[in-house]
Amino acid sequence: MKKQAEQKVFIKEKQTFPLTIKRLGINGEGVGYFKRQVVFVPGALPDEEVVVEATKIHPKFAEGRIKKIRKASPFRTKPPCPVYEQCGGCQLQHLEYVKQLELKRDIVIQSLERHTKFKVGQMDIRSTIGMDNPWHYRNKSQFQLGERDGKIIAGLYSLNSHKLIDVPECIVQQPETNKVTNVIKQIVKDLGIPIYNEKTKKGVLRTIVTRVGIKTGQVQVVLVTAVDELKRKDLLVAEIKKRLPEVASVMQNVNPKKTSIIFGDKTVHLSGKEIIEEHLEEFSYELSARAFFQLNPVQTVKLYNEVKNAAALTGKENVIDAYCGVGTIGLWVADGAKELRGMDIIPESIEDAKKNAKKHGVENALYVSGKAEQVVPKWQKQGFKPDVIIVDPPRTGCDQALLDTMLKSKPKKIVYVSCNPSTLAKDLQILSKQYNIKYIQPVDMFPQTAHVEAVTLLELK
Ligand SMILES: C[S@@+](CC[C@H](N)C(=O)[O-])C[C@H]1O[C@@H](n2cnc3c(N)ncnc32)[C@H](O)[C@@H]1O
């Protein structure tokens, strides 16, 4: 396959040709070979025969769009979302859910094949753990604001373009988040609060972030603005209180930068509480506006139980919960740990983690704010010897300094929770110098999308 991918691409833009789709690529697109050249086709499914028009030519591959489906997959299904074709949020709504789960496992396999020297066929890569009802699962929406034809729109950017798609009823969102966003959109319009315009750099309001505690019913709204001054702030807050009594917390975050990252550094309290609470099983968590919290609470319980099983603590272990967020994983396993230490780059998350541990009577935990790649080496120098390290990094994976420290300090086990199979594979290749990869357990945290989460157990050789 590598050889084929390295050939110079001779396909021309707008060229039309037939293609048989062999597999799904890591972004959920169909992958086929035209005269041994790799072609990625969004929306096409394995085993389908399609006619494709080349849309973009890259040095080693081409992209195309479906012109016609000659033979459809038996697993193709009608996407229920009316804006599925335009919106960039979901990539797999056109595929039956059981097949999505199979193909997500295959995405993990492909990443290992591409980025490691492992004998992937001999590895224990388990079936993806799915959801009974794979809709309306997301507890948080981050909808960008824009204006079109005199109307305020809120939604996501179209895949591979910068066109904002209005998404009033997103069917992977918890309905409460849709309702709150829509009502706030109306209030903003009624009050004439200016929407930020990326081109002119004028206006105020950029994004509405809505997070709901599924078990508590509490909702937090964060209004992200490009400037400090939120015009008609008092009226806005009063209207939110009146029309949305379920909103327990209203915050403002200021992000003046030209960036696709939602939050800026400054967060201001506008009304209600500064945090909301959420429960997962017997645990309750306080969540600040900028704190990370898993987006699919139903699957989070399954994910954390997988982490707990993999760590298999006996009460004698020193445990590090790296990239701990508000301390959710640490709390889940704390009863089996001798000592627990966690760190996160967001200071508010660490404040939440401390409160969450205290609330549950966990006294053997230490939380510090900082980068995993700096904090873990520091602890190692100070003589702290972890038996188990749990890592749950962002999509970029673990920093090299953290990987080096883990290889040096040699904990008996590493439990690697990953939301990106490519960086997982690269990091596993490095860690495999000292560790056996016992198994990989994919968990579907984001049904209808091509995202895959996985828990990997590594044991010291
Ligand atoms: C995927 S989340 C996991 C959070 C937590 N384990 C959970 O399940 O809710 C990744 C976390 O890493 C944090 N983070 C990002 N870069 C970091 C770094 N270099 N060092 C420490 N934490 C970091 C983010 O703030 C975020 O809370």
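Just so you know, glycine gets a Cβ as well, placed from its N, Cα and C.
Unlike curated records, TrEMBL annotations are generated automatically.
Source: prediction; values computed, not measured.
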| task | Can you match one of GLN294, GLN299, GLN380, GLN429 to the S-adenosyl-L-methionine site that TrEMBL gives for TYR323, ASP344, ASP392? | result | GLN294
| query | For the domain 'TRAM' (8-68), what's the model's average pLDDT? | reply | 93
| message | So if I draw a 10 Å sphere around the Cβ of CYS419 (active site), how many other Cβ atoms end up inside it? | response | 18
| query | Which residues, sitting 6 or more apart from ASP392 (S-adenosyl-L-methionine binding site) on the same chain, put a CB under 8 Å from its CB? | reply | ASP321, ALA322, TYR323, CYS324, GLY325, ILE329, VAL417, SER418
| note | Mapped onto three states, the DSSP assignment of GLN294 (S-adenosyl-L-methionine binding site) reads coil
| note | Greatest Cα separation in angstrom, residues GLN294, TYR323, ASP344, ASP392 binding S-adenosyl-L-methionine per the record, works out to 15
